[in-house]
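What follows is a single structure, written as structure tokens, with notes after it.
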Amino acid sequence: MTKNYPTVSEDYKKAVEKCRRKLRGLIAEKNCAPIMVRLAWHSAGTFDCQSRTGGPFGTMRFDAEQAHGANSGIHIALRLLDPIREQFPTISFADFHQLAGVVAVEVTGGPDIPFHPGREDKPQPPPEGRLPDATKGCDHLRDVFAKQMGLSDKDIVALSGAHTLGRCHKDRSGFEGAWTSNPLIFDNSYFKELLSGEKEGLLQLVSDKALLDDPVFRPLVEKYAADEDAFFADYAEAHMKLSELGFADA
């Protein structure tokens, strides 16, 4: 989709770049990249392309959205970000939360993701129930990512690769464990682990294993496991698309 990005002031651009530097320091110091990616994703992943509601527009600042079942633990990310947020009151929450996700991928060795500022904060959160359910398979993934958000099959598989970061916590998601042996490094090991089968101590969700059973998804899993550069290129594109759902559409 063609984008028509809003014009932002030079002062705003400078604030964003200074904020980016502060975020790099925080995320590296606190080892909190995974939860920053989760914050950005869960903010953006509520977008519905039919009603044009939800999306990456700062509504995670509301207690009501933080209270959604899928967002358990998100308040930890927001609390970590508060000291930086206070330094940049002119930056929208929408831009701030998406920038944190972009920087988190970069700091952990992942691809550089283009970031375009200018998102406006929406006044109310979306309804609960729009984020993907880890206990469901390919049809559900396509319902959420393709029909609801408007993303492609390639985007679905590339974005799944961000599970290379972080781990599940029983008290937040009902699941426990990391997908890879080094959950603070962004690389293609998620796909390698997926193809090698289940291992003691590592996690594979129903929604992960479903990628292997689909005739479109599986070749992409195999491609990304064999070629990290290809994964990085497709991930950067998919992450940018996710972070801009409903934003600057021409």
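Glycine residues also receive a Cβ, built from the backbone N, Cα and C atoms like all the rest.
When Ser9, Ser152, Ser196 are compared in Swiss-Prot, the phosphoserine annotation sits on Ser196. For His42 (active site, proton acceptor), the nearest of the recorded positions by C-alpha distance turns out to be His163; the candidates were His163, Thr164, Thr180, Asn182, Ser196. Summary of the K(+) site environment: with the site residues Thr164, Thr180, Asn182, Ile185, Asp187 set aside, the chain residues having Cβ atoms within 8 Å of the Cβ mean position are Thr108, Leu165, Ser181, Pro183, Leu184, Phe186, Ser189, Tyr190. Listed in sequence order, Ile74, Ala77, Gly166 are the same-chain residues at least 6 apart in sequence whose CB falls under 8 Å from the CB of Arg38 (site 'Transition state stabilizer'). Packing against the region 'Disordered' (111-134) from elsewhere in the chain are residues 3, 5-8, 12-13, 16, 42, 45-48, 53-62, 64-65, 68-70, 91-95, 98-99, 102, 105, 140-141, 144-145, 148, 173, 175, 205-207, 232-233, 235-236, 239-240, 243-244, 247-248: each is 6 or more residues past its ends and has a CB under 8 Å from a CB in it. Residue pair Asp187 (K(+) binding site) / Ser196 (phosphoserine) shows a Cα separation of 16 Å. Taken residue by residue, the region 'Disordered' (111-134) breaks down under DSSP into 0 helix, 0 strand, 24 coil.
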